[in-house]
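These notes are about the structure you will find just below.
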Amino acid sequence: MIDMIEKEDSIISEEEAAQYDRQIRLWGLDAQKRLRGSRVLLVGLRGLGAEVAKNLILAGVKGLTLLDHEQVTEESCRAQFLIPVSAQGQNRAQASLERAQYLNPMVAVKADTDRVEEKPDEFFLQFDAVCLTGCSRDLMIRVDQLCSQNNIKVFCGDVFGYHGYMFSDLGLEHNYVEEKPKAVKPKTEESNEHDGPEAKKPKVDPSETTMIKKVNVDFCCLKDALEVDWTSEKAKSSLKRTPVDYFLLHVLLKFRTDKGRDPNPESFAEDSTLLRQIRDDVLEAMTLSSELLPHDFVSYCFSEMAPVCAVVGGVLGQEVVKALSQRDAPHRNFFFFDGMKGSGVVDYFGPN
Amino acid sequence: MVQLVGSLRKELADSVSDCNVLVVGAGGIGCELLKNLVLTGFKNIEVIDLDTIDVSNLNRQFLFQKKHVGKSKAQVAKESVLQFCPTANIKAYHDSIMNPDYNVEFFRNFMLVMNALDNRAARNHVNRMCLAADIPLIESGTAGYLGQVTVIKKGLTECYECQPKPTQKTFPGCTIRNTPSEPIHCIVWAKYLFNQLFGEEDADQEVSPDTADPELSWNPADTEARATASDQDGDIKRVSTKDWARSTGYDSVKLFNKVLFKDDIQYLLTMDKLWKKRKAPLPLDWLELQKLGTILEVTGTGLKDQHVLGVAGYSQLFSRSVETLRSMLADKGDGAELVWDKDDPAAMDFVTAAANLRMHIFSMNMKSRFDIKSMAGNIIPAIATTNAVIAGLIVLEALKILSGDVEQCRTIFLNKQPNPRKKLLVPCALDPPSANCYVCASKPEVTVKLNVNKTLVLALQDKILKEKFGMVAPDVQIEDGKGTILISSEEGETEANNSKFLSDFGIRNGSRLQVDDFLQDYTLLVNVIHCEELEKDVEFEVVGDAPDKAPTPPSSQEEQKNFANGNKDSAEPSTSSNAPAEQDDVLIVDSDEEPSSSTMDVSTESGGLKRKLHDAETGEASAKRQRLDQATADDDDDIIALD
């Protein structure tokens, strides 16, 4: 993996300048150039995947590979805005390709129809960032381990009904810059009585800014983030400030591993029962009370809600942009969104 | 047993597919919102937008492609959505929501209205229409990385106008004309100059030295005398800048030397009181500058527009742009005027050059065309992801409303970084209506201070009733026992009154005016206070308003929930004719300092709007309602409105 700092081509075309104008005015030309040199892998093209794809393509990455082995069903037509209604039976990545490419012809968008589990290690190494949606816990752990060893930024995310999360692993040492306004030093001068009304002082131009370079350490791997030990008293006392969604995530990932799919509204009754069972098992194994997840939690985690995909996809997309452009402090290391409450929380889980 | 249709309970899913909703705006938020609505199962959607598609929209308004540039946003948005959801029933209007066709009856067709706007005038208007029709309104705004969503329901929550919003920052005339100290002052001056030379001349946009500058004299009577004198003389040398310029054939050297950057500056230097504590300006001479040679070429890897030329380069740019503008004006024929537009290259070049030359004269670092365009054009940076998040939140609020759970609705702020409570998205309880609101109170009333002998009826209509109080078509009756009609919204009926003063109609201190806007179903009683001592450049003052100049930065104690409203609210002449509105809206920015412990989250277990806010984590109750800390950070420099 090439050091990202010197990757970019130096010239930005007129076309890019015009199209990216409003975002260049926000994150600057350097950031845009880095994006322009970045290749991203996106796994999973359901609702959340489509949102992330849109956000990264609009941002202007160099290339985006859409990887999904599943087929388009009637449900996925309703769930996602890249797949045309006529595409039933086609591969999901393939079906999303055309509309994805139309979003921004300057990005090289590709579709890959293989199973992500069957991809060899080398496959992942061609990317600067990898984003996993709809993947099993084991796969995410494996890919995260492989990629972060090779300085590839890793992101995971899912939406379950009204709830959603994203996780990021930017490696042991992620560098970024921040832009701050130049500090205005207040001048104090006595006003001379004889000079009449106090004259205005010349000011420092308030629109001048300065870049501050920062170094960030300490993104842990997904395995460590998920395997936090809750048995200690200290851990238990921190529960009050811990987003409950962290535990919900464990339950839903276990469901996915056990059933090979996510909870389905068409089997609401059986899946609800199973979810509650898994909740009991998971929380017990963590030596925690199953009251942590209230009885009705099952009502709100079926299917992918489009607005929740939009929120999580927006935050996740922006984290990928930040990491690739190396600008602005990344969220560390989870973001949890509860669509019922409208609350979005950033929290760190991992070894202390 | 709960029955689900997708993620939603059956009853909710049915309401969603049956109801009619209105989306006002099809830009950054609008595109994302339309997509979310149809994917959530909304079937009957009407969308309205007066704007056409521009290439700079394409980084985020994802329903549009390059081939659509120039076409109607509402129309193309509809067509794009139908591509992935052909069963949606979408009606698109390429029109302004302020068109009287969209009356209260029209609004009553909808269960819910969602704003995706970028300017305050339209927001005020939709606010009133929704109050009149008693339809819930979801309001939202974004700027850069920040965003905000809130819900407005008549009688239950604050309306959009319950809290006074800071008006756009304006600068005193003497700062613009005599003593600029920041680049923005020079940019405003350059835009005024454009209008004086090529556009609609405006008495409030003078560019020549201001002899009535209060700083020149301690004695207020002196200043007054000087002001009257200069009014009579027509301010320094010329009566009409445009006529003078025309008489010289828009000779740019003459403009440069005799007027703008040499002679006028030399005149300023004679006003020595101004320069006792300030660095004095240094006049420029055209010929001397040309000797420095031209440096117009740009090399390097940055954007062409981001380079800063030398002062000689800007003098050349000035000359070239004047020539181009002169010929554009000539092409338009007699009595023509140009309207400044940031996307018109010559107009932008002119302001870049003129502003930079002035900055140089006043010892400020010159700026690139890129930066000047941001400031002059009130460009608000915008990206897809912020809009995506906000539009997702809008639909979630909509679902609460449709479920009949409006007490669950919240104002939600999107921050750039999490607050000390780890929140990136911060929900806050909605406030009840303000009893004194001049819009949604039962009998709204305001008091306005002005000079009845100097205020024209036209100014009352345009600057006070329309601009300040957000009316679209006001009708005004004097409560004088005779019901004298001062202003009629019917075209032509009271035109003869426009050039008369209020006092000509017997209006004096203590008079009351009944103002109606029938479209908005809004009646406002205006109490008039006659005042002869208003501040310089101030035509009227609303009693109870915060001062109009720079908005007061809210402290951590203040409750300020703000939707600042983007560039279109500046009083200056609009940019392009179809849509001056440029971007999605701005909101209040997070303070750089750590918010105090008064930062509140909202526990949803306890219902109701009027209750003590609980800190769900620590169990403390707060004695008074406190808002998320929202100081205006320096990011606000992006959002400069020019007077």
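From the backbone N, Cα and C atoms, a Cβ is placed for every residue, glycine too.
Taken verbatim from TrEMBL:
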- B:Cys174: active site, glycyl thioester intermediate (ACT_SITE)
- B:Cys159, B:Cys162, B:Cys437, B:Cys440: Zn(2+) binding site (BINDING)
- B:582-595: compositional bias 'Acidic residues' (COMPBIAS)
- B:614-628: compositional bias 'Basic and acidic residues' (COMPBIAS)
- B:632-643: compositional bias 'Acidic residues' (COMPBIAS)
- B:Lys191: SUMO cross-link (CROSSLNK)
- B:Lys258: SUMO cross-link (CROSSLNK)
- B:Lys624: SUMO cross-link (CROSSLNK)
- B:9-417: domain 'THIF-type NAD/FAD binding fold' (DOMAIN)
- B:448-535: domain 'Ubiquitin/SUMO-activating enzyme ubiquitin-like' (DOMAIN)
- B:545-638: domain 'SUMO-activating enzyme subunit 2 C-terminal' (DOMAIN)
Among B:Cys159, B:Cys437, which are binding-site residues, the residue with the most C-beta atoms within 10 angstroms of its C-beta: B:Cys159
Conformational class of B:Cys437 (Zn(2+) binding site) under the three-state DSSP mapping: coil
Cβ-centroid neighbourhood (8 Å) of the Zn(2+) site, B:Cys159, B:Cys162, B:Cys437, B:Cys440 excluded: B:Leu131, B:Glu158, B:Tyr160, B:Glu161, B:Pro433, B:Ser434, B:Tyr438, B:Val439, B:Ala441
Neighbouring C-beta atoms (10 Å sphere around the C-beta of B:Cys174 (active site, glycyl thioester intermediate)): 20
DSSP-derived class (H/G/I helix, E/B strand, else coil) of B:Cys159 (Zn(2+) binding site): coil
Counts of helix, strand and coil residues, the domain 'Ubiquitin/SUMO-activating enzyme ubiquitin-like' (B:448-535), according to DSSP: 19 helix, 28 strand, 41 coil
Under 8 Å by Cβ from B:Cys440 (Zn(2+) binding site), counting only residues of that chain that are 6 or more apart: B:Leu131, B:Lys154, B:Cys159, B:Glu161, B:Cys162, B:Pro433, B:Ser434
Where the residue listed as 'active site, glycyl thioester intermediate' falls in three-state DSSP terms: helix
